[in-house]
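For 6-21, 33-51, 87-111, 118-135, 166-188, 194-219, 240-264, 276-294, 301-317, 323-342, the entry in TrEMBL reads transmembrane segment.
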Amino acid sequence: MRESASFYYIVWGIILILALYERYIKRPYRKEFVAIILMISAVIVGCRYRVGADWANYVQFYYSGSIIGNDGYERGVEPLYVFAQTIFHGLGLTHAVFFFFLSIVTLGCYYKASKLLGIKYFMTVFFIYLSLVFLNYQFNVIRQGVMAAFVWLAFAYKANGKYRACIVSLLIALGFHYTTIAFVPFIFLGDRRFSIFEVLVITMLSFTCLILDVSYKILSLFPILMVLDRTSNFVTSETFYVEGGLSFGMIVMLIVFLFVYIFFRKEYVSNPRLRMLANMILFDFMLSCMFNTFSILQERVCRVMFFSMVFLLPLIVEKIKKSEVRAIAMTIIVIYAFSAYIKTFAIHDDGYSTLLPYEIELSQLFIGSH
């Protein structure tokens, strides 16, 4: 089974080399080169064959118009996804072309967001995205992956004071996944300047909620949430968070936020883009503690807020002035990224992974699968 994961290791290694080389030459890659890399990535997504937790369901939905959940019932799908799918299917295009299109749109959002957030070297952003996000949110939960991309584009527009573009991005995200509504409050809170006292209060309250296991109390007070919670069980256990207790991921989030808050204090106060990225990590930590065993919030909301790391880690490296310290930081990030990446396609206790082995059939671009 290890051999069947070779494809993922090769892709990861290639993107790592490209990211390191871009930093070495101290010159961003040309847009044309980045476009080629993103298009190849989209082909990997679009032309995969029976890879991903919901691959069969999404293919079935593309051709039949219905998608069946794990509970055996037909699942409702957001209107903008249905609209886009109807157009592609009506034009006689295959599901692979549609998946390719969604992937390109998603990757394009992250590219645009990285530019809005002032990140110089996009390939480092893409490397972190590949390691933490790509496989789960382009192979497994496709609609949520598109939604997350537009939500982060909205955050980036808001941090730059472009409110109309922010609203449009949020509306598009809502058309792909209704969970978008949960992020609206953070659009307004994202660039708030938190004082030291406020950070201490938020941190202490978060730990208190974790210790008292508030999520169970919320579920007991609102039984309807237990029903909603079951709708998220199609997200596989390879995800970064571990239900129950203080996870390694939560510790990393707190460390990263405190690092930025302490060592980049002046820029945290003056730069709304950096402040927004750091605050999202703090909000993620807070919600992860508050709803530690409430999986629908963990997977639908907290995980998407965690994507701040995709932009924040590269930005931190760029802002470190000493080359020796920058090299150490990049090394730590690479180790962290690799450990997160291999968990994505880790084999379950039953000896199975929805992402292994990776199979590709380019013919799907021309011949559908009914």
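The first residue you see is number 1, and the count goes up from there.
Using the three backbone atoms N, Cα and C, a Cβ is placed for every residue, glycine included.
All TrEMBL annotations are machine predictions without curation.
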Original post:
Among the recorded stretches 33-51, 87-111, 194-219, 276-294, 323-342, which has the greatest number of Cβ pairs closer than 8 Å to the transmembrane segment (118-135)?
Top reply: 323-342
Subject >> Intrachain residues whose Cβ lies under 8 Å of the transmembrane segment (323-342), provided they are six or more past its termini >> reply: 8, 12, 16, 20, 23, 127-128, 130-132, 135, 240, 252, 313, 316-317
Subject >> Proximity of the transmembrane segment (166-188) to the transmembrane segment (6-21), 3+ C-beta pairs under 8 angstroms >> reply: no
Original post:
Sequence-remote contacts (6 or more beyond its ends) of the transmembrane segment (87-111), Cβ cut-off under 8 Å?
Top reply: 34, 38-39, 41-43, 45-48, 58-59, 62-63, 122, 125-126, 129, 137-138, 142, 145-146, 149-150, 152-153, 310, 364-369
